[in-house]
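Please read the structure below before turning to the comments.
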Amino acid sequence: MNLSIVILAAGAGTRMKSKTPKVLHTLCGREMLYYVIKEAKKLSDDVSVVLFHESEMVKKSIEKYFSDIRYVIQDHVNYPGTGGALMGIEPKYQKILVLNGDMPLVEAEELKQFLRAGSDFVMSVLDLEDGSGYGRVVIHGGSVERIVEEKDATGEEKSLGTVNAGVYLFDRALLACYLPRLKNDNAQKEFYLTDVVEMARKDRLIVAPLFVKEENFKGVNSKADLAEAEAIMTGRIRRRWMREGVRMRLPETIYIDEGVKFVGECFIENGVSITGDSYIEESHIKAHSVIEESRVIRSDVGPMAHLRPQCEVTETHIGNFVEVKKSKLTGVKAGHLSYLGDCEVDEGSNIGAGVITCNYDGKKKHLTKIGKNVFVGSDSQLVAPVSIEDDSIIGAGSTITKNVKSGELALSRAKQENIAGFFARYFSSSK
């Protein structure tokens, strides 16, 4: 598609009340700017991002996902404002679509409407029940007549619900004509892109209004806005995967990050959270389980289990209240109340209730290796570094500090002693 896209991402976003640049705040595990670029690249091979505030931090974050984006650093000293942001761009194509980096819900399909409008100047417009807080868009004879800031609006203009959504399509020649003529004679001393509307109308050009969906063009300016946008985004993610065949019970209670991938027939129960770039294949994730940056293949997890980052679980049963961290489990049963951290457990092994791998010595983490067909009895502690070889047994209640060889039974608890008649003697002596 012969279209250049410019994404404005230079602002600090002071209303977010954060040291993090606004466009790097995340929803569903990805930065806001990531979503805008992803949709832009569906339409164009010429995408530029205008930066200023913490520009190197923004570039470093986005380069993880996209390698072919052009970055333009705005001259914020001499040319501040949205109009100034466009003064340093070098578009490849005749049509230029201007987007905002704080609109993570924008979708490529709706952006195609700007091209279908058939005008050299198209401006996005929202039709709201209450336009309070926005500049009003006055439309006359099928063209945008002017944009009036709320403080300057008449009573009649304030009653309008038509407001500027902040996305524009320009012809390159039109932009080249008007950008040099922008002035900053306003209270903020900034160059406003919206002033191009008035210039174009004075030259009797049509500024075509394009009415768009509020949900898709919602700007994120505060933490409250971010929460609303994330709720919408996670709903889209859930619906996308359900269309692909993933079954979800009470989907509105399930949280899934953008980077998560499902393969085959999966069943996700209510209250589940799956984050990072987790990979779930042919598996059943039961209620209220949490999976972070892990791989689950042909397994069942939960209910109320927790897979922390860097777990790989294959053909394994992970039961309730089992926590696994940075571990590889293949063909394993760990049914209840266990902590398995920094360990490798091979097929056929059974981890009893209350088993803990003691992986941290106060300075660094150590590995626990458990071989094939190992039975680890309940309430055992495996003090790493330690290796339990194939076909061995750990007696319940043991604390294992030494390696266990294949075929051995390991016990480390005091011998039980039963004292006859003790109950009667004990309680009679207290009377």
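Glycine is treated like the rest: Cβ placed from N, Cα and C.
Look at Swiss-Prot and you will find 1-223 tagged as region 'Pyrophosphorylase'.
What Swiss-Prot lists as UDP-N-acetyl-alpha-D-glucosamine binding site is 8-11, LYS22, GLN74, 81-82, GLY135, GLU149, ASN164, ASN221, ARG308, LYS325, TYR339, ASN350, and the listing cites sequence analysis. Packing around GLY81 (UDP-N-acetyl-alpha-D-glucosamine binding site) is summarised by its Cβ count: 22 other Cβ atoms lie within 10 angstroms of its Cβ, all protein chains included.
The annotation Mg(2+) binding site is assigned in Swiss-Prot to ASP102, ASN221. Under the DSSP three-state reduction, ASN221 (Mg(2+) binding site) is assigned to coil, being neither helix nor strand.
Here Swiss-Prot flags 224-244 as region 'Linker', drawing on sequence analysis.
Residues or ranges marked as region 'N-acetyltransferase' by Swiss-Prot on the basis of sequence analysis: 245-431.
DSSP classifies HIS336 (active site, proton acceptor) as strand under the three-state reduction. Around HIS336 (active site, proton acceptor), a 10 Å sphere centred on its CB holds 16 further CB atoms from the protein chains shown. The active site, proton acceptor annotation in Swiss-Prot covers HIS336.
Of all the Cβ atoms in the protein chains shown, 12 others lie within 10 Å of the Cβ of TYR360 (acetyl-CoA binding site). Look at Swiss-Prot and you will find ALA353, ASN359, TYR360, SER378, ALA396, ARG413 tagged as acetyl-CoA binding site.
Cα-Cα distances to LYS22 (UDP-N-acetyl-alpha-D-glucosamine binding site) place ASP102, ASN221 within 10 Å, out of the recorded positions ASP102, ASN221, HIS336, ALA353, TYR360, ARG413.
Summarising the acetyl-CoA site geometry, the residues cited as binding it (ALA353, ASN359, TYR360, SER378, ALA396, ARG413) extend over a maximum Cα to Cα distance of 22 Å. Of all the Cβ atoms in the protein chains shown, 12 others lie within 10 Å of the Cβ of ARG413 (acetyl-CoA binding site). A straight line from the CA of ASN164 (UDP-N-acetyl-alpha-D-glucosamine binding site) to the CA of HIS336 (active site, proton acceptor) spans 56 Å. Each residue in the region 'N-acetyltransferase' (245-431) has a pLDDT score, and their mean in this model is 97.
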